[in-house]
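The block underneath contains the structure these notes are about, expressed in C-alpha cells.
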Amino acid sequence: QCVQTVSRQFTSVSIISDTVNPCSASQSFRAGGWSPLTSDQYQWLEVDLGERTKLTAVATQGRYGSSDWLTSYLLMFSDTGHNWQQYRQEDSIGFFPGNSNADSVVQYKLQQPVITRFLRLFPLNWNPTGRIGLRLEAYGCPYTSHVVSFDGDRSSLVYRLSPGPRRTSREVVSLKFKTLRNSGTLLHAEGQAGQEGLSLSGTSPSEPRRLASLGSLLDDQHWHRVVLERQSAHLNLTVDKHTETVQIPAEFSHWDIEQGNVTFSCAEPVSVAVTFPGPQSFLQVPGPKVSTSGGLSVGFQFRTWNKAGLLLTFDLPQQGGVAWLYLNESAAMNICQQCVLMGFGYPGSALNDGQWHLVELNSKRGRLTITVDKEEGGTAHASPSFPVTLQSHLFFGGKSGTDNSQECKNPFNVFQGCMRLLTVDSQNIDLIIVQQKQLGNYSNLQFDMCGIIDRCSPSRCEHGARCSQSWTVFHCNCSDTVYEESCEAYKHNGNTSGHFYIDVDGSGPIKPQLVYCNMTEEKTWMVIQHNNTELTRVRPSPGVNQHLVHFDYSTEEEQLLAAMSQSEHCEQELSYHCRKSRLLNTPEGSPFSWWLGGPGSGRLQTYWGGAQPGSQQCACGLQGDCVDPQHYCNCDADRTEWAEDSGLLIHKESLPVKSLVLGDIHRPGSEAAYRVGPLCCHGDKNFWNAAFFDKETSYLHFPTFHAELSADISFLFKTTASSGVFLENLGIKDFIRIELSSSTQVVFSFDVGNGPLEVRVESSVHLNDNRWHRVRAERNIKEASLRLDELPAATQEAPADGHFHLQLNSQLFIGGTASRQKGFRGCIRSLQLNGVTLDLEERAKITPGVRPGCPGHCSSYGSLCLNQGHCVERASGFHCDCGLSAYAGVFCHTEVSASFKSDTSVSYTFKEPYEFIRNSSALPSSIYSDTTLRGENVSLSFRTNQSPALLLYVSSHYREYLALLINEYGTLEVRYKLDSSREAEVLRSRVGGLANGQLHTVTIRRRTESVFVIILHIQLSFISFFSPDSDELDPDLAKLASLGFIGCLSVVHFNSISPLKAALLHPDTSPVIITGSLVQSSCGSAASANPYAAENTHHLSGTTRVKDSDLFTSINHMVALGVIAVVIFVIVTGLAITARFLYRRKETYVNRDVKGVKERDSPDFPFNNQTDSQNVSSENPKEYFI
C-alpha cells in the first residue's frame, strides 16, 4: 500500500505573513495554511519529499477559518528542484479540480504514479471572494533504484550471459534513462547471425535496418521507461506508455551484453529553460552596459512546433529603427530603419521539428553574422550600411505591448515554444533571477521548465492520415485516407472495376490494402494478387529432389485474413499440367506433392483444386472422370501425353496458398507446369449485416461500448418514421447517443463529465424516405464530428485544456433506449464501433420485435442502373439486369462496340409470332415486343472517315424502308419510305463533316407522323470498317452499300432489341448469323481516344455532357396514319444487320402532305436537292433540312 504521508519540507515563492507561511501548509496542522503575498498565476507551493518517492495521490484543503481556497491547480514534479515537468492526466488534461470551501478535503489519486523528489503546486483558480489559500498533503512511498551515468564518449556497460545454448521463447530487457542529448545508443545486442540495437533518433554507428521507431522529446532530462520484449519472432518495444510490435529476423536468438568503465551514480546537469505559452509572452533582459566586443553578441537555444514566430527584438536608437530576428520556415532577420524595411535571409530549415536549435547573432566591424546549429546547420553573412549595435533592452519571444516608442510596427507573431542558455555579450542570463524579478521583466512565462508536448507521437490520426502540429493543436491530413470496407461498398457508391484501397475495420488497427475490385453483373469480386499468378514451367535443379515455390501476396497477413473473414466466399485456382509427372498418389500412400495454406506459414494440404480437404484427391477423383479410374488424379496415370489437374480451392480456412512443393519432376521424360491464381473473394458479410425494428419499443443490446478516449461509429439506416434513437449507452453521468431528432436532422450527443455536447447535421431532403442513409460519428481528444451521407461534416472542438475519459457502464442499446422510449422503427445495417462490426442479424434472431436482414435496396441504389437497365432485388444488395439495354457491365454502362471489315456481316432474324407459339423455347420473348410498329426508337454511335456511307437500313418485303446514311458531303441523311407507291422523304442535317473519324451519336424517334433526330458530337478520333448485304436495297442505296463501310458502330438499339450486343455477347443463344470477322472493340468509348476530353466523358449518372454547338432538332413529318403492316427487312448497313419482321395484317397507308423546310442556298447549306444519283432515290424523294 503506497499511500503513506510523504510530505517533508514546504517552500513557496512568497507569503502574506508569518502566520500563513509554507510550514503551516501541511494538513497535519489542524489549523493554519499557506497564502501568498499576491494572488496571481505566478505563485507556487513546493514540497521537498526528501528522497525520490513514488507519488500516488495528493489532497488539498482551504486555509483554516477563512474564505481562501483553490478551485483548480496544476502539479509539477522534478528530481532536482529544476527542470520541472507538468503532470498530465489522460495525456492531455493538466489541471486538477480543487475545493468548494475551506474545510473539506479533496483527495485525487494519480492515474499514473510519478517518481519524483520535488513537487510543486501552481494555483489556477481560487474563490473569487477570497484569496489563494491552501493546505496540502502528498501520499506515496520511497522509491529506490540503481543508476549508472555515461559520459557520452566511450563509456559503456557490457554484460555477457553464461555460455551454453539458450532457447527461451521470451526475453525481456527493461531500463529507464534520462538525457539532454537527442541521439545515442542505449542498448546493443548481438545474436548468432544478426544484431539489434536500441538508440535515440533510430541510428547507430553501423546504420542497421530500422525495425521500429517510437517516442518523442526524449532529451528533456526526465526519466523515460523502455521495455524490449521478444516473443519468438516478434518484438514489443514500449516507450513510456506506448507499445509497438514488429517482426524480427529469425536468426536473432539472444542478446550478449558486456561491461566497461562507467560511473554508478547519475549526474544531474542543471539546465534552466523558459516556456513562452501564449500571445502575451515575452522576456525582457537588459543589454550590456559596455560592449566588450565593440559590437553585438547574442546566443540562445529554442525548440517549437510553430513554423513562424518572433525570436528576438531590439532597438537601434542611433539609426532610428528596430531589428527583428524571427522564424519563418527558416531563420531570418528584418531591420526597420526610418520605417524602411530591409530583410536578410539566413540558413536553417525545418526548425519547427521540436528539437533544440542553437542560434548565434554577432555583429562586429560592420559585418552581421547569424549561425544556426553550428556545424550541423549553416552560417550567413550580411553587411548593412550601418552598424548593428545593442544599447538598450532585448526582448525574447515578443515585446511589451506598453512600449510604443518605436515607429516601426511589428509584423510578426509572437513566439510559442521554449528557450534556454540565453547569453548576451557572452554572459549567461540567470533565468532564476529573472523569475524572482531581480533582473529584467517578463509576462506570461513558465520558468524552469519546457512545456512542449508532442501531440503526434503516437499519432491520434486515424485511417493512416498524416499528423502535423503547432504549439497548441495537432492536425490530421485526411486527404485520400478514408476508404470503404470492401469492394461491395465501392460498388454501391457507383464505382466500376478498378484498383481501390479497402479498410476492412475502418478506424481499427488494420491498415488499408490495395486490391482489384472486379465488378461483374452477378458478383463483386475482390482480387488479391501474389508474385506469380502465371502458368509456370517447372525447371528442376540438379541434386534437389523437390521443387519449392513460395508465394508473396500484395497485402500483409493481418489485412489478408481480415478481408477473407468478412467475405462470403473465397476461392483460388490451383492447377498442375503434367507429362510423366505424378501428383498426389504414391504406391506407399504419401503424396508426391503438396501445398501449404492458411494463416501464418500455412498448414500442409494434400488435396488439389476442386476436391475436398483431406481427401488426397483431385477434382476428377471427386467427380469420377479421371483418365485412369484406378487413380484420383489425371496426372497420377503417369502417361506420356500432357494431362491436367485443376480446380478451385474454396475452403477459407486453407486459404491463401502460401507454398507449393512438387516432387515427381526428376525422372527422365518428366515435365510439369503449375499455376496458383490470385485469391478471389466476393460478398461482404458486414456490409449487409442488418436488423429491422418493427416497433418503437424493440431494441438490441450488446456489451458496454468501450470508447474512453475515442469513439468511431458508422452505420446505414432507412426508415419511414420521423424520429428515433439509433444508439445509446449510459454511464453514471456520462452517456453517448445518436438519434434521428426529426425527419431532416441527425444528432450526435455525449457527456464526458463536463456537460452534454451536441453535434447536429441538417439535411435538405427528408430522411424518412425509406432509402438508405449513412451516418458517421466520431469523438476523439481533438473534436467531435458528425457526417450524414455526403453532406459536409459538422464538428465541435474539444475544450482547449483537454478531455476526460468517457465512462460508460450500462449495456449498449441499438434501435432503442434503456427507458424503451423514442425507439427507432426501421432498418439499421453495417454498424461498426471502433472498427468492430456488430452482428445485428445474429442477435436479432433471438430478440422479439426485431427481424434479421432488411430487403428493399433498389429504392436506394436503383438509380445506378443506367441505359434502360433494370434493378433486381437480392437478399444482400441488388444487381442491374441489362437484358433490355444496348449496354453491358455492372451498371449497364459499358458501350458494346465492334469493328468491321468489308466482308463482315451480321443478320438478326425476327420470326413469325406463330412460330414462337409452336416453339416457345426458341427465342426470348422480348424480341416479339414490336410485332406492330407505330413508331421506332433507333439509336447508334458511329465513327468513320468514309463518305458516302450507309449506316442503317430498314426495309420490308414491300420495299418500304428507313435508311440512315452519310452523303458524299459528310452530312447525315434520314430517309423514310412508308408506302412503296409513294416517294421517299429525305431529312438532312445542317451539320456536316461527320465523316471525320470522331465519335457521333444519332437517335431517331418516330411516333406516327412525327420524326425526331438527335445528333451528339463527341470530339474523339478512331477509324474502323463494315460491309452490308444489298440484295433487296433500292438501286441507289444498293450502290452505296456496295462501297462497304470503314468505321466503328456502337450501342445499336432498335426499340427493345440490341442486335449488336446479341451478336457479340450472346451469339449462340440469339437469332444472329455472323459472317466474316466481327471483333469487339472499345472504339465506341468516348474515353478510348481522348483522355483529356473530360467534358465529354460518359459518367455513371447516365448523362453525357454536350457542347453548346451540338444540334438537337426535330421536324413534324406528316406520314401515314396507322402502322407498317408488312414484312419489314431491316439492314443496319454499318453492321449489315438483317432482321425480318413478319406481321399478320396490313393496314391502310393514308397519304398526307408533309410540312417541309424551305430550301436555302447559303454557306450554312452547302448542298441542295440536285444530288448525285448515289444519294437520291429514283423515286424523286422530298427533302428537308433538319
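Cβ coordinates are placed from backbone N, Cα and C, and glycine is handled just like the others.
For 1-141, the entry in TrEMBL reads domain 'F5/8 type C'.
Under the heading domain 'Laminin G', TrEMBL lists 272-450 (among others).
DSSP states for the domain 'EGF-like' (452-488), grouped as helix (H, G, I), strand (E, B) and coil, give 2 helix, 9 strand, 26 coil. Summarising the annotation, TrEMBL assigns domain 'EGF-like' to 452-488 (among others).
According to TrEMBL, the domain 'Fibrinogen C-terminal' annotation covers 478-530. Residues belonging to the domain 'Fibrinogen C-terminal' (478-530) score a mean pLDDT of 88 in the model.
Marked as disulfide bond by TrEMBL: Cys478-Cys487 (among others).
What TrEMBL records for 689-854 (among others) is domain 'Laminin G'.
Among the features that TrEMBL reports, disulfide bond is placed at Cys827-Cys854 (among others). Counting only same-chain residues at least 6 apart in sequence, those with a Cβ under 8 Å from the Cβ of Cys854 (disulfide bond) are Ala690, Ala691, Phe692, Lys718, Cys827, Arg829.
For 855-893 (among others), the entry in TrEMBL reads domain 'EGF-like'.
Under the heading domain 'Laminin G', TrEMBL lists 912-1083 (among others).
Per TrEMBL, the feature transmembrane segment maps to 1118-1143.
The region 'Disordered' feature in TrEMBL is assigned to 1160-1186.
Marked as compositional bias 'Polar residues' by TrEMBL: 1167-1179.
At the 8 Å Cβ cutoff, the domain 'F5/8 type C' (1-141) and the domain 'Laminin G' (689-854) share at least 3 close pairs (sequence separation 6 or more) and count as touching. The highest number of surrounding Cβ atoms within 10 Å, among the disulfide-bonded residues Cys487, Cys827, is found at Cys487.
For the domain 'EGF-like' (855-893), residue counts in helix, strand and coil come to 7 helix, 11 strand, 21 coil, using DSSP.
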